[in-house]
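Copied over from TrEMBL, here are the features:
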TRANSMEM  A:18-39  transmembrane segment
DOMAIN    A:20-510  domain 'Cytochrome oxidase subunit I profile'
TRANSMEM  A:59-82  transmembrane segment
TRANSMEM  A:179-203  transmembrane segment
TRANSMEM  A:223-246  transmembrane segment
TRANSMEM  A:258-276  transmembrane segment
TRANSMEM  A:288-312  transmembrane segment
TRANSMEM  A:340-360  transmembrane segment
TRANSMEM  A:380-400  transmembrane segment
TRANSMEM  A:412-432  transmembrane segment
TRANSMEM  A:468-491  transmembrane segment
TRANSMEM  A:522-543  transmembrane segment
TRANSMEM  A:566-589  transmembrane segment
Amino acid sequence: MTNTYIESFPAEAKVVRAAFYSSFLALAIGGLFGIIQTLHRTGYYRFMDSADYYTVLTAHGVLLAITFTIFFLVGVFTWATTTSLDRPVEDIRFTWAWYGLMVLGTVLTAIPIFAGFTDSEMSASVLFTFYAPLQGHPLFYFGLVLFVVGTWLAGVDWFRSWWAWKQEHPDERIPLPTFMVLTTTLMWYIATLGVAAAILLFLLPWSLGLVESVNPLLTRTLFWFFGHPVVYFWLMPAYMMWYVLLPKISGGKLFSDPLARVVFVLFLILSVPTGIHHQYLDPGIAEGFKFIAMTNTMFLLLPSLLTAFTVVASMEHGARQRGGTGYLGWLKALPWRDPVFAGMALAGLMFAAAGFSGMINAGMNINYLVHNTFWVVGHFHLTVGTAVALTFMAVTYWFLPQVTGKALWSRSVALGQVVLWFVGMTFMSNAMHRGGLLGIPRRTAEPQYEGFEFEAAVGSVGELDAQIALGGALLTLSLVLFFANVVGTALNSRSDDLPANEYADTLSGPSDAPLVLDNLKLWTAIAIVLVIFAYSFPLLSIIERGGLFGPELTELPVSIGLGLEYLWVTTVSTVTAAGETAITIIAGVSS
Amino acid sequence: MSQTAEHEASNETSEHVREIGHDEFDPIGTLTLIGIYFLILVFLWFFMYFVEFLGNDPTVVSGTLVFLATGERLA
């Protein structure tokens, strides 16, 4: 007996495994589209029509940013709650139900995206940022709704486990991994209200032809209401791995449980009221509102810097317990040959670089200079593309034996894979950042123009393109090695000599954390109040200026014959009237 | 299920030579690394001024012309 996860929780291990495999499938397809884009954009190999580039880009974005990340994290979160509460899920059929709903949602979303490659009428080449005026087939939006509802139900599952556990352990602190899952889930519930409103009230009815137009700025704002916190939905599970797994792999203990709790509470509070920082260049939102979003964003640096400190201190604790000495000499004592460690540590290092480019994006005036350029693409390939993706791939090498009961196929290939990813991303992302500084645009199939050349102070555009293509090729090779390991492990026979399902102990434990940190109701309430502060005025002013459904719809004749349309218009006019009343009240209060 | 960090099976070179408790642990190495990172950030922040502001035209914010960067006033 080795006490792996699959031995303790065989039924749950199957769900976690299914979630992981679903995420890997998305990673494989999304990654393939990544190299196609890389070669197309840089002009090294263009085998498709440039119009199809945007279909490829949509599939790359949706499959990697939504499907890969979220399927992986629901697996990790299910592992975290069951392991740290030491209890199975309350009803495994419910767990399979939300997983099934997420799969169904993904398939329905993928159908119209992939139909974009055919001659059919159906398409949804609306990119990952699917706000108006780009319009996709209704199935795209419907699938996304099902997927998000699946994640909501997954959250219900984790909360059910915690509630049941609390009945039996009324005086105990929430175990740290479960605490991280619950705070992240609460943040996700608040964040997804924006995208739910954007899809259900506007984009889906518009795509179905129930309404003639939408207010593009409103759908953009609602998208970014969700679009920024979604990055923390990807990042929080990576942080969780850095907090609960990395210290153990380093040979030490988590430096501080209270600090970890503070970090997750801060993310719950601050993740959502920041989305407008993606809209610094949007006309129609007053600069005062943008300034508030910038302030909130800068506050978000705090939990990330706290994380940098806590995680590095935990690694140092491990290194010193392993005999490391000196100011920097302890770094050599870390287990760099362990792919789980090396992958996570390199991911963390890349995240430190991403912190800088993120600060540039967050600053309102500096953002003007890099907005919509390749710089931004470079930035998020460091964050979601490395800090998150490389961490997920590294911990896969720890999780696979846990959920399959089989030894990892090859640790050497795994180590090569994580290093290759780091090197490939260094080439690609660095060149993307530099390209952005030259003004090279993002989301562009052929970023070259007649009679105009981007001028580089150092190097040349050709050199940047070469770096991007080389980086993309290395990343693709890294992916191939990753999948070889996943498949090789799956084909292995069951092993009795596997590490136990354990996570890091703490130097400073939960008893040192103030009790108020576990008051989830309080933090949720504060989070909601901050969202109301940050968003109510901008949203009302956007609606006041452009109308709920854009300028045209206000003249739409009420047709009693068309029941559905009548119902819709009635709802719309009621909501509009309510909005106007609210604006009048606010105007009255402020004057 | 948390436990002491004794044997780490996924870690073939794990040489646990000593146990360091809460009070004995002095994360001076962390301070050194974070300090280096801070210096890099400060350097990049200054570098940004040269790359962006001196390399580009003035940035217009809210109708106010930022001319400090170039030392020129625009009409």
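Note that Cβ sites are derived from N, Cα and C of the backbone, with glycine treated the same way.
In this chain, the transmembrane segment (A:258-276) lies out of contact with the transmembrane segment (A:412-432); the count of Cβ pairs under 8 Å, excluding pairs fewer than 6 apart in sequence, is fewer than 3. Using a cut-off of 8 Å between Cβ atoms, the transmembrane segment (A:288-312) and the transmembrane segment (A:468-491) share fewer than three residue pairs, counting only pairs 6 or more apart in sequence. Spatially, the transmembrane segment (A:223-246) is adjacent to the transmembrane segment (A:380-400); three or more Cβ-Cβ distances between them are under 8 Å for residues at least 6 apart in sequence. Between the transmembrane segment (A:179-203) and the transmembrane segment (A:380-400), fewer than three CB pairs separated by 6 or more residues in sequence fall under 8 Å, so the two stretches do not touch.
Same-chain residues lying 6 or more positions outside the transmembrane segment (A:340-360) and placing a CB less than 8 Å from one of its CB atoms are 238, 241-242, 245-246, 249-250, 301, 304, 308, 311, 315, 334, 366-367, 370, 375, 378-379, 382-383, 386-388, 390-391, 393-395, 397-398, 414-415, 418-419, 421-422, 425, 429, 433.
Between the transmembrane segment (A:18-39) and the stretches A:258-276, A:380-400, A:522-543, it is A:380-400 that has the most C-beta pairs under 8 angstroms. Here the listed stretches are A:258-276, A:380-400, A:522-543, and the one with the most C-beta pairs under 8 angstroms to the transmembrane segment (A:468-491) is A:380-400. Summarising model confidence by region, the domain 'Cytochrome oxidase subunit I profile' (A:20-510) averages a pLDDT of 95. Within the same chain, residues 183, 186-187, 190, 215, 217-218, 221, 225, 265, 268-270, 272-274, 276, 284-286, 289, 292-293, 296, 516, 576, 579, 582-583, 586 sit at least 6 positions outside the transmembrane segment (A:522-543) and bring their C-beta atoms closer than 8 Å to a C-beta of that stretch.
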